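One structure is given below, encoded as structure tokens.
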Amino acid sequence: MPDTNSTINLSLSTRVTLAFFMSLVAFAIMLGNALVILAFVVDKNLRHRSSYFFLNLAISDFFVGVISIPLYIPHTLFEWDFGKEICVFWLTTDYLLCTASVYNIVLISYDRYLSVSNAVSYRTQHTGVLKIVTLMVAVWVLAFLVNGPMILVSESWKDEGSECEPGFFSEWYILAITSFLEFVIPVILVAYFNMNIYWSLWKRDHLSRCQSHPGLTAVSSNICGHSFRGRLSSRRSLSASTEVPASFHSERQRRKSSLMFSSRTKMNSNTIASKMGSFSQSDSVALHQREHVELLRARRLAKSLAILLGVFAVCWAPYSLFTIVLSFYSSATGPKSVWYRIAFWLQWFNSFVNPLLYPLCHKRFQKAFLKIFCIKKQPLPSQHSRSVSS
């Protein structure tokens, strides 16, 4: 945790000002994530696989604003001594919430990767509520196992009167392992899922361009095939009529009848081909438009995930690097500068940004928010109503 001794030299007015702005951040985190949770409760249309993971993320970020920051303000700015029990509770809860937030981001990225790379299998095999709840619980269990046991065990390593920070802060290798589990692996996984999403989109876009006019090709091939069959049948009828010995009159009648039959056959085949071609062309155009809409939706999704990855890296990389560097110093001489405190706060700032990056960019959540605030889109007046009013 940040060095409380560095706040002793601050004036009371400065501390009150800082406490006010920190409280605003905590309130903004609670408000933004509470809206996401409320939207999930109010709107039943949100209760599908991806929205459950958004809910899990919002819960972890919400309690960052409820527990982590409110306990941090009096301890750091006003030198409130927690005591051992409250200190252990705060550390365990704070690390649990922040790590769960990170792992929920990984889970959401993985879910989006499955929906883009294999949409059919995603829709048919991943709809069970039990599987979704199992994944949500697994996030919290893994998040606790990363830091929780070490915080409890290393509490006996600390000296009396030391700061409220984990006892393993003086062991660089433990910090390296926890940073690897909290930051490095999640960043690699989220980057991997995003790259695969972009690769799948590129392949789909390339395939869509190559098959931009599949209906025209099918029509031309059908028409050519039926025309060829019509000509072939006419030739066969003509050759058959010349080979049969008969009188000149009967032969001429036979030729006329064969020509009329071949022309009718050709006209019927062309008519059938044109009808089949029109059906195949309309079906292919509709299919192409549907694929184009899905491709645009997937592109927007990929862009939002790319922004998420960048924000996540910016919010977590500085603190992970600082903790490893500070582990080489003793707790008394560690240079915990203002940059360390900024890096520390960036983790909590990520909990404020998450509801803006995820649900607020999701159309279903936007509709749910409009429902919460009782905002309805006003329909445009029709021409009939305008004429009546005039």
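Each Cβ is built from the backbone N, Cα and C atoms, and glycine gets one as well.
Residues annotated as disulfide bond in Swiss-Prot: Cys87-Cys164. Residue density at Cys164 (disulfide bond): 21 other Cβ atoms are found within 10 A of its Cβ, drawing on all protein chains shown.
Swiss-Prot lists Asn5 (among others) with the feature N-linked glycosylation site.
Annotation comment: Swiss-Prot describes Asn9 (among others) as N-linked glycosylation site, evidence class sequence analysis. The Cβ of Asn9 (N-linked glycosylation site) has 7 neighbouring Cβ atoms from other residues within 10 Å, across all protein chains displayed. According to DSSP, Asn9 (N-linked glycosylation site) is assigned to coil rather than to any helix or strand.
Here Swiss-Prot flags 1-19 (among others) as topological domain 'Extracellular'.
Marked as topological domain 'Extracellular' by Swiss-Prot: 74-87 (among others). Here the topological domain 'Extracellular' (74-87) has a mean pLDDT of 85 out of 100.
The topological domain 'Extracellular' feature in Swiss-Prot is assigned to 153-172 (among others). As a summary of secondary structure, the topological domain 'Extracellular' (153-172) carries 10 helix, 0 strand, 10 coil according to DSSP.
According to Swiss-Prot, the topological domain 'Extracellular' annotation covers 326-341 (among others).
Below 8 angstroms of C-beta separation, residues 46-47, 51, 54-55, 58-59, 61-62, 64-66, 69-70, 72-73, 77, 348-349, 351-352, 354-356, 358-359, 365, 368-369, 371-372 of the same chain, each at least six residues beyond the ends of the transmembrane segment (20-40), sit close to that stretch. According to Swiss-Prot, the feature transmembrane segment maps to 20-40 (among others).
Per Swiss-Prot, the feature transmembrane segment maps to 53-73 (among others). Counting same-chain residues at least six beyond the ends of the transmembrane segment (53-73), those with a Cβ under 8 angstroms from any Cβ of the stretch are 1, 19, 22-23, 25-30, 32-34, 36-37, 40, 82, 86, 90, 93-94, 97-98, 100-101, 104-105, 107-108, 111, 132, 135-136, 139, 348, 351-352, 354-355, 358-359, 362, 365.
Sequence-distant contacts of the transmembrane segment (88-108) (same chain, six or more residues past either end, CB-CB distance under 8 Å): 1, 50, 53-54, 56-57, 60-61, 63-64, 67-68, 71-72, 75, 82, 135, 139-140, 142-144, 146-148, 151-152, 155, 164-166, 182-183, 186, 189-190, 308, 312, 316, 347-348, 350-351, 354, 358. Look at Swiss-Prot and you will find 88-108 (among others) tagged as transmembrane segment.
As annotated by Swiss-Prot, transmembrane segment applies to 132-152 (among others), with the evidence given as sequence analysis.
Look at Swiss-Prot and you will find 173-193 (among others) tagged as transmembrane segment. Sequence-remote contacts of a segment are chain residues at least 6 beyond its ends whose Cβ falls under 8 Å from one of its Cβ atoms, and for the transmembrane segment (173-193) they are 98-99, 102-103, 105-106, 109-110, 112-113, 146-147, 150, 154, 305, 308-309, 312-313, 316-317, 320, 323-324, 327.
Sequence-distant contacts of the transmembrane segment (305-325) (same chain, six or more residues past either end, CB-CB distance under 8 Å): 102, 105, 109, 112, 169, 172, 175-176, 179, 182-184, 186-187, 190-191, 193-194, 197, 339-340, 342-344, 346-347, 349-350, 353, 357-358. The annotation transmembrane segment is assigned in Swiss-Prot to 305-325 (among others) on the grounds of sequence analysis.
Residues or ranges marked as transmembrane segment by Swiss-Prot: 342-362 (among others).
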C-alpha spacing of Cys164 (disulfide bond) relative to Asn9 (N-linked glycosylation site), in angstrom: 19
